[in-house]
């Protein structure tokens, strides 16, 4: 793999669609990926690690980075900042890695409007049906009723945006879905290699 | 596989880029494909089979099909007609097959302008360099010097259109290239499944 293989894969989809489990399966087959981690000023919770769950930084550092345009996007939620730093993404792309984002429809729109757009392939992942999503969220029994209701409401809104995505993937059979996502990840790399048409032609001619 | 898996994969690239050898390798891994065959009024040459090399039909049949709009495209070359019939393509798509076209840049433009566009994924395949293409054409020693020169001239023109394609694929290492093309073929099917957004959403909601 070399520089020209750098690409971005955006995954969106409702809580409960099984994205995390799917990604674990996909990681067995794809190489040289970088899973994009958010930067935050909130304190680490028990078990959370710097560079794994989040990049934990001070408010001063975060605000300095805002001033230096070092965020792809950022937001202040209550008293804390959350954002996506550009540095690790640029570094991973330069190293020819596949940068994976797990972000919502709004985040997807934002990356599409950024200078990274030429490198992006996006996938909307969901359950076979709304009913199945409800079943999965209820059977996890990890969330309060109101949280589940909010997630289902969000899911109904977010699915209206599937045409903004390159692919729509139903996560029903885990092995089939992971095989499909591996194919999409491979294709994302090949697609991104053409981002500079003139450079490709010049290189081919000489 | 069902109806919703029908998709079209267009392959273009210069004579000598190794498309046929690559396809043979790809066929080991992909299922349910239909390689689009042209229809012609010229007589079969030795060894050519109806339904394998061409659909061989009479002038009367061909002209009747032209009148009934049953060609995606057709042309008269000297005294014979050549064309791409819509029927076998529609049938293959309805059967959920991956329809593969090996056509030039003009043919690609034409399919892109047709009602099939939503189902299309396209790949421009070529050698690692122009020099390598010249070497391959010269070493095949099957073509006259003028034919080789014409092919090289065409290749220089056609590569200017690579940005019209979804993918640009270098056929250097046969196994790598075929693995890449299999990923693209799988992705083409997943992509085509989203062609009717409203139907997908309605199905998911209920």
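If you go along the chain as it appears here, the first residue is 1 and each next one adds 1.
For all residues, glycine too, the Cβ spot is worked out from N, Cα and C.
Just so you know, TrEMBL annotations never went through curation; they're auto-generated.
Here TrEMBL flags B:6-186 as domain 'Guanylate kinase-like'.
For B:13, B:14, B:15, B:16, B:17, B:18, B:19, B:20, the entry in TrEMBL reads ATP binding site. All protein chains included, residue B:15 (ATP binding site) registers 19 other Cβ atoms within 10 Å of its own Cβ.
Annotated coiled coil per TrEMBL: B:130-158, in sequence order. Counting only same-chain residues 6+ beyond the ends of the coiled coil (B:130-158), those with a CB under 8 A from a CB of the stretch are 12-18, 104-105, 124.
The Cβ of residue B:18 (ATP binding site) has 20 neighbouring Cβ atoms from other residues within 10 Å, across all protein chains displayed. In sequence order, B:125, B:126, B:127, B:171 are the residues of the same chain, not among B:13, B:14, B:15, B:16, B:17, B:18, B:19, B:20, whose CB sits within 8 A of the CB centroid for the ATP site.
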